[in-house]
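Colleague: Here's a structure for you.
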Amino acid sequence: MVNLGNIWQNLLASQAPLQSMTGNATTMSGLATYTLPQLPYAYNALEPYISAQIMELHHSKHHQTYVTNLNNALQAHVAAITSNDIPAQIAQQPAIKFNGGGHINHSLFWKNLAPAETPETNYSEAAPSLVAEIEKTWGSFEGFKKAFSAALLGIQGSGWGWLVKESTAEKGRLRIIITKDQDPVVGGEVPVFGVDMWEHAYYLQYLNGKAAYVENIWKVINWKTAEERFQGSREDAFADLKALL
């Protein structure tokens, strides 16, 4: 089997989450291939805040396209390595970064959503340690929501908003970051939860009402998953992703 971990370490070192996913996927012609993870809820489970139509298209079409294109790019990349074609290897790196990032981000995203008015969406009970750190950092939970929502609405073009824990800095330190297009969270940061701000995540339901989408996304955040990611390490967060593949 081609050692994709070594390939990414040498050529795509910035994409650490991809490297951590190797070894737990199906194989085809000696090359690891990735598959679309199942959702932990039905397509209509997040209604009325995210419609079944959006969820089905977002998951079965958009996410599936990232998976398909990632597998194709990896096959082309390995073929280029086998033939010692350096320009072709370099040419595949943007596709691996973009589609690999899309696969990572969406796999994390599905897990940090839950049906409204379930125990998982009750932040004060499902995430006591995380909420305490949020209140310490932003003064109040409402202050955090306001800051995070402003960051989401400030994204120009397509991207993601993330609450991350800086595992390499002061213990438990939180901050809000934005990643462009499909760039994943990299470095020593733990993705506690993220919000997809690509138009395909909301446009069919909210049209140009992006602010309404941002307001309603809070009703379906899975704070139980967020608490688990906050309490754990970066390896724990991506071990959960790895288990989905």
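A Cβ is built for glycine as well, from the same backbone N, Cα and C atoms used for every other residue.
For 33-114, the entry in TrEMBL reads domain 'Manganese/iron superoxide dismutase N-terminal'. The Mn(2+) binding site annotation in TrEMBL covers H58, H106, D196, H200. Taken from TrEMBL, the feature domain 'Manganese/iron superoxide dismutase C-terminal' applies to 129-229.
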Colleague: Report the same-chain neighbours of H106 (Mn(2+) binding site): residues 6+ apart in sequence with Cβ closer than 8 Å to its Cβ, ordered by sequence.
Modeller: H58, H59, H62, H63, Y66, D196
Colleague: When secondary structure is assigned with DSSP, how many helix, strand and coil residues does the domain 'Manganese/iron superoxide dismutase C-terminal' (129-229) contain?
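Modeller: The composition, in the requested order, is 48 helix, 24 strand, 29 coil.
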Colleague: Under 8 Å Cβ to Cβ from H200 (Mn(2+) binding site), same chain, six or more residues apart: give me those in sequence order, or none if nothing qualifies.
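Modeller: Set apart from H200 (Mn(2+) binding site) by at least 6 residues yet with Cβ under 8 Å, we have I54, L57, H58, H62.
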Colleague: Return the count of C-beta atoms lying within 10 angstroms of the C-beta of H58 (Mn(2+) binding site), excluding that atom itself.
Modeller: 24
Colleague: How many neighbouring Cβ atoms, not counting its own, are there within 10 Å of the Cβ of D196 (Mn(2+) binding site)?
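Modeller: Within a 10 Å radius of the Cβ of D196 (Mn(2+) binding site) lie 25 other Cβ atoms.
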Colleague: Using the recorded Mn(2+) site (H58, H106, D196, H200) as reference, state which further residues of the same chain have their Cβ within 8 Å of the centre of those residues' Cβ atoms, listed in sequence order.
Modeller: H59, H62, H63, F109, W198, A201
